[in-house]
Amino acid sequence: MDYFIELLFSGLTRGSIYALIALGYTMVYGIIGLINFAHGEIYMIGAFTSFVVATVLSIYGFPLLAIIVLAGVCAAIWSSAYGYTIEKMAYKPLRHAPRLSPLISAIGMSIFLQNYVLLAQTSDFLPFPELIPDFAFMEPYAHIVGSSDLMILVTTAVVMVALTILIKFTRIGKAMRATAQDRTMAMLVGINVDRIISATFIIGSSLAAIGGLLIASHIGQINFYIGFLAGIKAFTAAVLGGIGSIPGAVIGSLILGLTESFATGYISSDYEDVFAFSLLVLILIFKPSGILGKAETKKV
Amino acid sequence: MFPLKEFKKSLLVALWFVALTFPLMVIQVDPIERIVNWRWNNMFFVAIGSFVLSVVGKAFFARKEQQLSKKRTAQNEEVQDTIFQRVLREPRYLWPISLACLAFAIAFPFLFSTYQTNVMTTALMYVVLGLGLNIVVGLAGLLDLGYVAFYAVGAYSYALLNHHFDLGFWTVLPVGGILAAFFGIILGFPVLRLRGDYLAIVTLGFGEIIRLVLENWNEFSMGPSGIANIDRPGLFGLDLSLNMSILYLYYLMIFFLIITIFVVNRLQDSRLGRAWVALREDEIACQAMGIDKTKTKLVAFSLGAFWAGIIGVVFAAKTTFVNPASFTFLESAIILSIVVLGGMGSIVGVICGAFILILLPEYLRALSEFRMLAFGGILVLMMVFRPEGLISNVRRVYQFKKNDRGEK
């Protein structure tokens with residue numbers, strides 16, 4: 001039973017990290033219909049920025065709490081700056097181009113950013129400083145749930161709630177939903193669509209950066225290549241839940257995380273990713289537009 | 001004169017990039033020795049580089065804008081084709097040009113070194129791969145991000161059959177192609193109901209599944225270490241030296257390429273090809289016209305996969321070694337980029353795209369570590385400045401020549 005609960009928690013942890021990244025995918029897709037392949041790289045840059053900031057601060061002897069907060073804030077700021085710049089440079093000129101061109105541009109951007117970090121920093125795995133301490137009250141459960149797992153779950157839950165409030169109740173959230181529904185109409189009623197798209201990229205990128213910080217301190221090492229697989233998995237999760245749908249992305253991520261965790265725990269760890277992708281194929285065969293996606297009926 | 005306002009803007013851009021790249025370019029930390037290395041000179045490079053690029057980019061965009069407005073005023077004229085497109089349509093020019101290309105291709109190994117020939121063979125392989133994917137993406141409009149899976153099926157079928165049963169290249173060539181086509185149908189069935197991006201992610205997942213199975217199923221595929229010592233293709237039982245076999249493979253690829261171009265060209269104008277284009281443009285209208293959607297899509301998938309399988313066999317024979325690392329998603333992305341960069345659906349475009357994308361990293365080797373950085377950057381720039389691809393496909397149209405009375 002302990003083993004089961006352990007797997008359950010590790011699956012939830014995984015799932016929440018995927019969710020933080022998948023939200024960026026799904027929001028961008030919902031608004032401009034683009035698979036933002038560079039999003040995984042944004043997450044990687046978030047992890048690297050927090051690594052640099054945290055290490056510098058710890059060398060200069062800052063207290064742990066200040067390090068955590070500053071690393072998180074810096075990662076979020078820089079990642080969103082990167083997201084904003086990428087959108088302006090690589091996607092905005094292609095707004096009216098044929099459908100596949102922005103996708104190629106995104107793939108190019110992803111290769112570019114990977115190699116940029118590889119050249120600017122290093123190709124080796126870097127040890128990430130342990131930011132999350134072992135809580136004393138977690139002592140009796142430490143063999144089932146680690147403190148960092150708990151931290152990840154709590155942070156993700158808080159972020160999700162904040163995001164829901166932002167999207168449901170604020171002005172910008174309303175504008176975002178309107179733009180996602182119909183861009184031309186949104187423009188007609190006076191929404192600055194360009195600004196909304198930028199805001200979407202910024203929000204998505206900062207979520208990914210928080211994900212980057214959490215997972216890096218959980219696993220304990222980073223590398224310029226971590227963004228790729230995480231990005232693909234998160235995108236899979238977003239599609240699983242129905243791309244464009246925000247609760248769908250969260251549900252899809254949790255399902256993906258749990259599947260991976262249980263499959264590795266009970267069957268074999270070699271085929272972890274195979275299970276993830278097989279699950280995707282299976283679900284899409286029976287529900288072609290994802291779990292919460294709307295089946296689009298086309299009028300003729 | 002360069003206006004002051006633009007100058008200020010470029011300065012701001014430079015400042016923005018300095019701030020953007022600050023944590024990663026300037027600071028480098030050594031977490032074990034606990035040393036912070038401030039690299040201020042990098043900041044200087046970033047500032048100057050982004051300033052210059054911004055000025056150049058602005059000038060470029062201004063010129064493009066000017067051209068566009070000029071085009072808009074000339075709207076009454078017929079839609080202007082580029083010189084290139086007009087040359088392509090005119091059989092009078094097309095034949096001599098293709099013959100010249102062919103002559104050059106045949107003479108190539110004698111003009112350049114063996115290394116160059118080898119590189120060229122790789123480029124030709126990608127041309128054929130691009131043309132195969134072009135059937136699926138360019139003509140039928142099905143976005144396939146896992147094309148490399150079929151390439152892997154071809155390569156592994158030759159590697160395994162050769163390793164276990166000593167089968168030769170020519171025997172396995174059709175087998176590899178048919179196996180890949182079979183996998184294409186297997187993948188095709190479940191994804192038929194999916195649209196656009198759902199299709200893309202499922203094909204991506206399929207590609208990854210194939211690669212991961214090859215990597216982990218040690219008894220079957222020998223895992224990540226791969227299969228070595230695969231036979232090179234034979235020529236009527238002759239024993240070829242290394243140089244000769246490179247030459248042989250090169251001519252073999254030229255031969256395959258010509259066949260592929262011929263087949264794809266004929267396919268485009270066939271009933272099937274037009275059904276693909278119709279399916280791409282409007283699925284519902286297409287069904288109303290009595291086109292069998294399932295069959296047409298499956299044929300597109302399996303034909304595309306067939307070419308990939310064939311080239312996979314050639315790949316295994318060329319490198320004499322296969323392992324799962326050759327079949328990553330990046331490979332699929334590169335092949336897709338070839339198709340899109342060249343201009344979807346256009347054969348000449350795909351050929352140009354393949355040469356650019358495969359030869360570019362090869363000749364950028366002088367820049368060694370900046371190679372992939374430049375590759376990614378160029379991909380973005382190409383798309384920003386020519387989103388429709390290098391050569392956009394010209395639809396076949398009937399042309400009515402003016403008759404004597406001056407009527408159309």
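Just so it is clear, glycine is given a Cβ too, placed from its N, Cα and C backbone atoms.
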Inset, instruction - Can you dig out which of the ranges A:97-121, A:222-246 TrEMBL describes as transmembrane segment? - result: A:97-121
Legend entry - Contact check, the transmembrane segment (A:42-60) vs the transmembrane segment (A:141-167), 3+ Cβ pairs under 8 Å, seq sep 6+: no
Inset, instruction - With a Cβ cut-off under 8 Å, give me the same-chain residues at least six positions beyond the ends of the transmembrane segment (A:196-216) that come close to it. - result: 17, 20-21, 23-25, 27-28, 31-32, 36, 39, 42-51, 71-72, 75-80, 82-84, 86-88, 92, 128, 131, 148, 151-152, 155-156, 159, 163, 166, 172, 175-176, 179, 186, 222, 226, 230
Inset, instruction - Residue list, the transmembrane segment (A:274-293) vs rest of chain: Cβ under 8 Å, 6 or more residues beyond ends. - result: 233, 236, 239-245, 247-248, 251-252, 255-256, 259-260, 263-264, 267
